[in-house]
Amino acid sequence: MKTSQFLSLLLLAGIAQAIVPPREPRPPTGGGNKLLTYKECVPRATISPRSTSLAWINSDEDGQYISQSDDGALILQNIVTNTNKTLVAADKVPKGYYDYWFKPDLSAVLWATNYTKQYRHSYFANYFILDIEKGSLTPLAQDQAGDIQYAQWSPMDNSIAYVRGNDLYIWNNGKTKRITENGGPDIFNGVPDWVYEEEIFGDRFALWFSPDGEYLAYLRFNETGVPTYTIPYYKNKQKIAPAYPRELEIRYPKVSAKNPTVQFHLLNIASSQETTIPVTAFPENDLVIGEVAWLSSGHDSVAYRAFNRVQDREKIVSVKVESKESKVIRERDGTDGWIDNLLSMSYIGDVNGKEYYVDISDASGWAHIYLYPVDGGKEIALTTGEWEVVAILKVDTMKKLIYFTSTKYHSTTRHVYSVSYDTKVMTPLVNDKEAAYYTASFSAKGGYYILSYQGPNVPYQELYSTKDSKKPLKTITSNDALLEKLKEYKLPKVSFFEIKLPSGETLNVKQRLPPNFNPHKKYPVLFTPYGGPGAQEVSQAWNSLDFKSYITSDPELEYVTWTVDNRGTGYKGRKFRSAVAKRLGFLEPQDQVFAAKELLKNRWADKDHIGIWGWSYGGFLTAKTLETDSGVFTFGISTAPVSDFRLYDSMYTERYMKTVELNADGCDDNVHFQNAAVLSNTLMNGGVTADKLTTQWFTDSDHGIRYDMDSTYQYKQLAKMVYDQKQRRPERPPMHQWSKRVLAALFGERAEE
């Protein structure tokens, strides 16, 4: 619910015909002579666009949202009329709050305070309820101690569902009812365990109110028997490290290990009656529940998306709430690859006398929008073609329109469209005849939207009415200051193109050339892939002026960078994605090597200084690319890599590689190690010399390497590495004074073989 604190000032700009100046369909190159510096680019870009994010309020008046004034008060504003009303005075706002959520009728606010991070999305907090009319602040639980995991308002009444100690509670008008009694270290009610949070939901909750607020669907996870993994924290955020590191034990299922089991439950809010719904779509040990959605405007029907363990078979199961009867209303075999969990089911209601819900599927080979009957039956395709729907932005059941983003122009672009599920007519809301990257945020009733142009030029945001997508009502964010600032700089020259593989597929490439590029000079090159399944790095979104832009701009470095999206990456169709199924690390490095050979056809490319650097999956890809020993790459930097997918978590790995039993040949037989420390030891024991291997540990950092000053140190080290590599001369490799070859040169001694 966090919203912009400066939006109300921006709205004073008034009516705008169109963004000025108009954006060219290409990245900016600047207009001056200044070059980007290290401090401007790392550890994060300081020269960057601003954007506004709104949490729209569903009220009688469309276009309303909550903003915060300079003194901290919460203001109800209308983005169209600029009218505003103070809902919560500044002196009623809890100090140091982390987040807040308004009750649907705007009569109360739920505050989260005393935030303590848990995993990527989850956290612990205290929660308080502010009655706006009375001004009273009441704790959600009288004895709370910063230990509540999640809380959510009912959509219709005065109830709050919350989770504490992995048990589910319902609060209503000051009275609390404990729903479950079995929550504990291994049993989770209404919140996901670590692997479901990280790999399935991408969120911290596993409970869903019915639209009328009368029922609650929730999942229960049981981690009993799931192997544990211990994470040591050596400094543990202390100035002086403790004598013994703090050890965090989490249940971390690896490939072919036991997974958490999951159950589906329904709760009648009024009676507190809980019902366990048997899940028979797949056996308990072969079951993943990926999504839950209510398929009614009240509480008649709810559905869940069930996958088998390796996520290449899918069943949508509908549950009739009154009878508790379950029925498979849709199923799919995706054993040619995997089935992505897109979390895109949404009930739309009656269409020509039959109830439907909308969903995205790539069963045709391309991700498209379909209408599916609530009770099962033949689907209706709303979009088709050799392009993909990326996301559904809004379903407007009054106008019978679905708003979405797609790659219709090109896989690297995003344009906003609507499609009528009555007439199937598809309409662009933007100019879809040129390369651009858009998204949109729609008001609660769908009457207005903020259109966000995100690249390739300087981003901006405008407000539109859905009745007229040609003329903006207002400019929300112009980024005029950034436009002016960039005129002082000479920026890297960014371009996009495709290269064609011998097998016929094309790979998207993003190239950065130094600002003072001279085609008659030789330049070192750094490849910067991610390359993971379904991911995308090469897009027309704003080119962040980050570390990659710095090493391209610094006169002492002047690296050309190439980012190549290999086979397996996203938005180019199912066949392109699924090519890597059961063999991660096989095709991806081949594609990077092929791209490097294509690069070397340019006379300016220095064949003696071609590097590759990747993070996470990109770190894995870096190592696998060097492992090919192609003779093309001369150095690699692998950051936070997965090194052996048998040792990564089960729900990610098995989606793409299956289990060891199903894919014995798919395991990496070349390097066996638990983590990067073991890899380092393996390489040293394998005879790799000190001048060819450098390692650095960031012991207390998470995957993003953000603890304390770790990020600052990391980028200084990266800058030194690429500088040292540029200075390296293949005819005279650097040698330490103790090298036998140096001694031989100095004293005429014969160096030992």
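Even glycines carry a Cβ here, placed using N, Cα and C.
The shown structure was predicted, so the numbers you read here are calculated from the model rather than taken from an experiment.
Per Swiss-Prot, signal peptide is recorded for 1-18.
Other Cβ atoms within 10 Å of the Cβ of N84 (N-linked glycosylation site) number 15 in total over all chains. In the three-state DSSP reading, N84 (N-linked glycosylation site) counts as strand. What Swiss-Prot records for N84 (among others) is N-linked glycosylation site.
The Cβ of N114 (N-linked glycosylation site) lies under 8 Å from the Cβ of G96, Y98, F124, A125, N126, G146, each of which sits 6+ residues away along the same chain. Residues annotated as N-linked glycosylation site in Swiss-Prot: N114 (among others).
Positions annotated as N-linked glycosylation site by Swiss-Prot: N222 (among others). DSSP assigns N222 (N-linked glycosylation site) to a strand segment in the three-state reduction. A C-beta separation below 8 Å, combined with a sequence spacing of at least six in one chain, links N222 (N-linked glycosylation site) to D186, I187, F188, P260, T261, V262, Q263.
For S616 (among others), the entry in Swiss-Prot reads active site, charge relay system, with the evidence type sequence analysis. In this structure, S616 (active site, charge relay system) belongs to neither helix nor strand by DSSP; it is coil. Within 10 Å of the C-beta of S616 (active site, charge relay system) there are 18 other C-beta atoms, taking all protein chains into account.
What Swiss-Prot lists as active site, charge relay system is D668 (among others), and the listing cites sequence analysis.
Among the features that Swiss-Prot reports, active site, charge relay system is placed at H703 (among others).
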Legend entry - Cα-to-Cα gap, N84 (N-linked glycosylation site) vs S616 (active site, charge relay system), nearest whole Å: 46
